[in-house]
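All remarks here apply to the structure that follows.
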Amino acid sequence: MTGGNAWTSAVSDFQQYLIIDLGSTKNITRISIQGRPHHSEYVSEFSISYGYNGLDYADFKESGGNTKLFKGNEDGDNVKHNLFDVPIIAQWIRVNPTRWKDRISLRVELYGCDYDAETVYFNGTSLMSLDLLHDPISASRETLQFRFKTSHANGILMYSKGTQGDFFALQLYENRMILNINLGASSMSSFSVGSLLDDNVWHDVVISRNRRDILFSVDRVVVDGKIKGDFDKLDLNRMLYIGGVPAKDEGLVVTQNFTGCIENLYLNTTNFIRELKQAYEERQYSRFEKINTFYNCPEPPIMPVTFITRTSYAKLKGYEGVRSMNVSLSFRTYEDKGLIIYHPFSSKGYVKVFLEDGRVKTEIKTDDKEIHSTGDHRRGIVLDNYDEQFNDGRWHSLILTIKQNSLVLEIDQKPMRTEKLFSIITGSWYYIGGSPTKEIHNIITNRDGFIGCMRQISVDGNFKLPHDWKEDDFCCKNEILMDACHMIDRCNPNPCKHNGQCRQNSYEFFCECGNSGYSGAVCHTSLNPLSCQAYKNVQAVGQKANIKIDVDGSGPLDPFEVTCEFLTDGRVLTVLGHSSEHSTVVDSFQEPGSYDQTIEYNAKLPQIEALLNRSHECSQRLSYNCRNSRLFNSPSDEQNFRPFGWWLSRQNQMMDYWAGALPGSRKCQCGIVGNCIDPTKWCNCDASLYDWQEDSGEIKDKEYLPVRGLRFGDTGTALDEKQAKYTLGPLVCEGDDLFNNVVTFRITDATINLPRFDMGHSGDIYLEFKTTQENAVIFHAKGSTDYIKLSIIGGNKLKFQYQAGSGPLSVDVQTSYPLNDNNWHSVSVERNRKEARLVIDGATKSEVREPPGPVRALYLTSELVIGATLDYQDGFVGCIRALLLNGLPVDLKSYAERKLYGVSPGCVGRCESNPCLNNGTCFERYDGFSCDCRWSSFKGPICADEIGVNLRSDSIIKYDFLGSWRSTIAENIRVGFTTTNQKGFLLGFSSNITGEYLTILVSNSGALKFVFDFGFERQEISFPGVHFGLGQYHDVRFTRKNSGSTVVITVDNYEPKEYHFDIKDSADAQFNNVQYMYIGKNESMTDGFVGCVSRVEFDDIFPLKLLFQQNPPPNVKSLGPSLLTEDFCGVEPVTLPPVEKETRPPPIVDEEKLRSYDGFTAGFLGSLLFIILLLLLIMAILIYRHMSRHKGEYLTQEDKGADDALDPDDAVVHSTTGHHVTKKKEWFI
């Protein structure tokens, strides 16, 4: 393991594996792996296969039947250990890398021990038995464990029975393991697991029972079940048989005894085979008995061969030149087509047996006169004599016999004879499982070969074992597997959800959903709405609809029928009926509770509970009509409450109150209100009157609903006058809390972090969203390499991206309508063993197929982040509701109520507060808003900025309707102004065609006047009590109603004034053909208005806004000599209070980890500081020694000036002082 070498595959792909031969069968309990040392090459995930012959391998599986994927390394040096919960017993181990880093490299070590086997062989007439008469089994818990192998599809493995009707029957039936068990109930419980168990390979069986809970496992594929009945003990006091029974008995579905080997059979901790051996060795025959059994496991003379590809075949020799032929074999396959036998005659023609649509057919041609039904003269007559399909994965025997004028095809001992005048002369070769192309003269191609297993192949009575075939006897070497039947049952366990029917071929499975109410590759997506509210959300509804709802979507609960009622006030009711809604008479039941009525609803209890839990409120009406028949026998106290009648709650609990009353009150509704017919009683019926009385009301306590049963008494006999009748209404629920569980993401980096979502091999996410964003991430989660992410792109496309071990995959749906239109849209994301699926609004969908190879689970280790990526990027702003993970609702609102950053409960946008003023239109962005002021006379960010103009006396603004003349009877006119001049023309409208007009002006007295003539007569109105020439700003509105006969004038914040005019029948109040609008004055006036005018509106026309916009239209002009400029008339725009800025809080720190980290950091920093100080000290010493490198002094007698001489003579010549002593110094470094 820790050596310096590692195995590295030549290429890195999913076809690489490492095989380990242990030399003999071992008991393997653990595997450890490492990567390549000191490199980043390692295997991060792998599967395990095991075998017994080095040819055929079985995958180590999870309890659900999927191949188990083991966690590998995270680097090249550390060791990763994996324990096997059930040990592997095998000689050959194959490690299959499924994920790796850089390249496939690993070091591996297996842990285990020698395997000691106690084996017994049964030949079909054998059995072993244990007498339980004197030592019976009576237990509430037991465990059975053993291994077996067989080549027979049917056989009894174990059987025992008790005198009280208990039995235990374990058997093979059509190559599956069947357990029938009865603990004394009226009917037995049956469980099935495994398939292809007749492959002559060892299989591990574990059965564990705890009272009525049972775990049944074959090769680690587990079925958990519940045994029927009320009893917990298994009582067996007769014979316990192993391998067969002397006669068929109760609980057995097969008649054949077992043929094959059983190994290490443990009953609890007792090795049954070892105990039997010891008993026989000690000659203690009183308890044990064995018949025709052997203590070894001989290999049967049945050697299968697997045709892996359609181009593979066997080429076997037969008797050539004879007039008869015989071929026999057994085959098994899942393919619906394939060539089984092909033989060309030496005379004209051929014969072939083949599969087509799963049916076995024969085609024979003996002369040129026989023509195939297609008209092809090269082909013969096709015989289709069997209606059954034989591609069911079971072994089928086939015998083909041809002689003169006779052809007999026999399948599973059912012969079909065809007689016709013909004769044949056999050729030399028989092709089994296929044929080379050149042999079949283009009639069929080698692509039509057989894929599956065959055994016991005999040609003309000659049987040749596959391992004796020579290379010329088959094609091709890597396309045929000898001595093993390598087939995978992809339909066991059934991968199709919700009772979908599974079909398969050699490569994949298919699910037929039928009328299950689900669709998709594995029947996982519900076709029914989640509730009546969900039904209403997606389509138009009437007053009532009878539909099926699926309260948990893709979850395990089936759809059920309800009646949806849609009320005019918007409420939605869900009505669940039952079998006893009609009024029912109760008579001749005197004893309390002797009348017993169980209520059967149109749904099962788990479905009803899910409906109740999701509804706002639920109720059920219950009434009891009585004549001299008491109900509660009131009054009573808690200890003496002995009613004659009562109802049973959801938990089958006897309830102590009647409909309309309160729990625990022991009263009816009249006892609560205080209006019972007998004031001393608490129920009307307790008055015992001979007149008909009634106690009725509604039960509204959801925790007790629905009513499961009714019990009544005190109804006397058929001869007296006591009588009663009751009516129980349907269960009625209102609303769906799933759609009220809504949150708002108001900041782009706000998220809700949910716990890790285990998507595994199959999972789905459903939610509804509402947004105005074009691009955002809705959810995101990831593991070390895997991830899932859902994004909205471009406002009209959703994209789901994921990775599960292999490369990244994605599926997207683009809609023809916008998804960011601030309306609710639903999205369902599903990933299963075959595909990933994305559905929008229940209709638009798209799929992407999973890549070939083993299905890899999605390993997500992070939190599931809703609203952005894991690093808070590309955030979503908007609303999300109705989040379901694998059909289970998630309470998003509870997260928002914790005052999370940027998340609010409910769906509340910024436009909810109506921030856009003056008829501006608000566009929601959830993290903000924008205002469209096109239908307002204002401008600015919230349509609050004035658009005005300062007018002089010669100023005139004219709006010409240019032929698009207006005729109005209920106009909306508005103008704002300020002036200190006590007269002036503010606003006027006129028509030269009709002579009708409207003028708004300030009179000489400072009053505001409205002068108009709309065709019925001239009118003049003055607004009283206000002087309009004092420089204050005034806002004036003029509107009409009541067909134009009533004028409403509103000034500033004063009460509106209404003026009604009597209009003659012959008159018309309509303001016809308005041609012009004038501001300041009209063309006939000399002096105009002096002041500032703004807010000019005439219905949807805003002339000042048009005048001052860039490139104004030609029909609005300033006609005066002076240039007009835009002005705000001294009115400051309204501003909104600033939005409180939010900042993301710092991440939560784990104090324990911080303290441990701080301790480590302090020690590490202390050590580092000490090393630095030590290095500084050493450097200081070295520097000091360098600076103090003077060693000592010495004497010299050289002349002064001779230091630079080249030789002694030159020194004498250049000397200046003569011989004297000079002190010199010597240095060293």
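All residue numbers here begin at 1 and follow the chain in the order shown.
Cβ atoms are placed via backbone N, Cα and C, with glycine included.
Owing to the predicted nature of the structure, the values given are computational and were not obtained by experimental measurement.
These features come from TrEMBL:
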- 1-113: domain 'F5/8 type C' (DOMAIN)
- 117-297: domain 'Laminin G' (DOMAIN)
- 303-485: domain 'Laminin G' (DOMAIN)
- 487-524: domain 'EGF-like' (DOMAIN)
- 741-907: domain 'Laminin G' (DOMAIN)
- 908-944: domain 'EGF-like' (DOMAIN)
- 946-1129: domain 'Laminin G' (DOMAIN)
- 1162-1184: transmembrane segment (TRANSMEM)
Legend entry - Model confidence over the domain 'F5/8 type C' (1-113) (mean pLDDT, whole number): 90
Legend entry - Proximity verdict for the domain 'Laminin G' (303-485) and the domain 'Laminin G' (117-297), three or more C-beta pairs under 8 Å: yes
Legend entry - Secondary structure content, the domain 'F5/8 type C' (1-113) (per DSSP, counts of residues): 0 helix, 67 strand, 46 coil
Legend entry - Folded-back contacts onto the domain 'EGF-like' (908-944), same chain, C-beta under 8 angstroms, at least six residues removed: 744-748, 771-773, 822, 877-879, 974, 1094-1097, 1100, 1102, 1104-1105, 1133-1136
Legend entry - Composition by DSSP (helix, strand, coil) of residues within the domain 'EGF-like' (487-524): 0 helix, 10 strand, 28 coil
Inset, instruction - Work out, from DSSP, the number of helix, strand and coil residues along the domain 'EGF-like' (908-944). - result: 4 helix, 9 strand, 24 coil
